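Straight from Swiss-Prot, the features:
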{"type": "ACT_SITE", "residues": "Thr109", "note": "active site"}
{"type": "ACT_SITE", "residues": "Thr187", "note": "active site"}
{"type": "ACT_SITE", "residues": "Asp188", "note": "active site"}
{"type": "ACT_SITE", "residues": "Lys266", "note": "active site"}
{"type": "DOMAIN", "residues": "99-432", "note": "domain 'Asparaginase/glutaminase'"}
{"type": "REGION", "residues": "78-97", "note": "region 'Disordered'"}
Amino acid sequence: MSQGYSEKVKELLDSVGAAFFDRVKIKLADGLVLEGLLMPRPAFGDPDVVVLKLDNGYNIGISLQRIVSVELLEKFSPREAPTPGEEEGSQEDFGQPEPRVFFVGTGGTIASRVDYVTGAVYPYFTAEELYSMIPELKRLARISSETLFSIFSEDMTPSHWQQLASKIGEIFRRESDVKGVVVAHGTDTLHYSAAAMAFAVQEAPGPIVFVGAQRSSDRPSSDAALNVIGATVVAVHAPFAESVIAMHGSVNDDTILVHRGVRARKMHTSRRDAFMSINSKPIAEVDPLRGSLKLSTSTYKGRGDDVVVQASFSDKVALVKFYPGMSPDIFDFYLEKGFKGLVIEGTGLGHVSTALIDSVRRLVREGVFVAMASQCIFGRVNMNVYRTGVELIKAGVVPAGDMIPETAYVKLSWILGQTEDPEEIQRLFTANLAFEISERSEFDHYPGARW
């Protein structure tokens with residue numbers, strides 16, 4: 001049982017017969033007494049720290065130096081991790097609400113849970129498991145589900161976007177009564193995938209709703225259940241058929257905000273309300289307790305009868321952030337490696353060092369499409385104000401307007417998957433295909449008054 005722990009910790013735990021997942025009581029030098037499940041130690045960290053799962057769901061680390069005694073309270077009784085449909089309550093008659101929603105699992109915190117009886121981490125994504133974990137879904141929709149991937153979101157590639165778009169198209173064509181598709185996804189690159197579906201799935205009978213979780217389902221502060229409820233409400237009730245993200249709108253469990261995939265960005269590493277609409281407002285707001293949806297706009301792509309999917313993406317596109325002292329060799333590298341498109345995150349209104357302009361000009365001359373977005377995130381590129389911007393335009397750089405850099409990257413990847421014609425590439429990139437570009441910037445689209 002000592003895997004990951006030091007010999008001193010092993011000696012202490014072995015002396016009382018304690019093993020992983022046994023219930024133990026630990027008395028500390030300051031008189032504090034803690035009870036919980038003895039957990040394996042993470043791969044990284046101090047081997048002299050004992051990890052305990054408290055009854056409130058949180059894990060804590062206890063330094064060996066603070067421990068006075070360990071008492072074994074209850075031995076772990078091993079059992080196999082439940083297979084889909086075997087969990088308690090999974091055979092319950094959930095009733096047959098009229099709407100039907102299809103869940104697609106791709107991995108991430110939202111689509112897995114920890115079984116602390118076995119210690120195993122495994123996907124929960126059958127309809128029965130979703131109902132068991134989130135009973136409120138029973139009154140909202142009939143759930144069908146399928147796991148397409150089980151990967152970390154940072155491992156997503158344009159090839160995965162292609163497979164996901166094809167799967168969503170297949171679901172809408174095959175399941176004529178499905179009101180919407182909910183995609184469970186890791187949060188770190190969720191906005192990339194949501195933007196990709198906005199371009200690839202061009203017509204659909206219902207929305208594609210991306211949902212994730214900042215906190216795992218075994219934590220008391222988990223946002224998973226409420227986010228899934230909100231996403232389901234959107235899939236059932238939204239009048240639009242767009243690719244959107246449904247996540248917490250505040251740190252409280254009161255509101256789910258619905259962001260267009262092409263306008264959303266993860267703006268915090270860990271807050272439950274990490275996602276924000278950039279240069280735009282959320283398209284809708286959900287009250288997850290009432291199961292109601294309130295639209296914030298009258299302009300959207302409505303539900304239709306057809307399913308149109310153009311799923312090809314190019315993997316020869318890069319997103320490059322400019323920084324002071326950046327070497328021209330970086331652009332030369334992409335040219336040598338055969339890249340067909342480059343989105344530069346420039347400073348301010350869309351600038352890079354004048355020392356880079358010749359390299360950029362060479363990229364364009366060799367047939368590489370080069371676009372400019374701003375690393376400011378909010379606001380829009382305007383390369384006609386300063387000489388550097390004007391020189392970049394003369395070199396052939398195409399401004400990305402007020403597109404988020406990540407969206408510009410995804411859009412260019414999708415465009416280069418459709419055509420190699422330079423004029424068509426530029427026409428598509430500068431066109432507003434999925435509400436990713438605004439004609440003008442609105443004053444209240446910047447959250448400067450949040451403090």
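Cβ atoms here come from the backbone N, Cα and C positions, even for glycine.
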Check your understanding: Secondary structure at Lys266 (active site) (DSSP, helix/strand/coil)?
Key -> strand
Exercise for review: Can you figure out which of Thr187, Asp188, Lys266 (the active-site residues) comes closest in space to Thr109 (active site), comparing Cα atoms?
Suggested key: Thr187
Point to revise | Thr187 (active site) to Lys266 (active site) - Cα separation in whole Å | key: 8
Point to revise | Rounded to the nearest Å - Cα separation of Asp188 (active site) and Lys266 (active site) | key: 7
Point to revise | pLDDT averaged over the residues of the domain 'Asparaginase/glutaminase' (99-432) | key: 93
Study note, to complete from the structure: Cβ atoms other than its own within 10 Å of the Cβ of Lys266 (active site), all chains, total 21
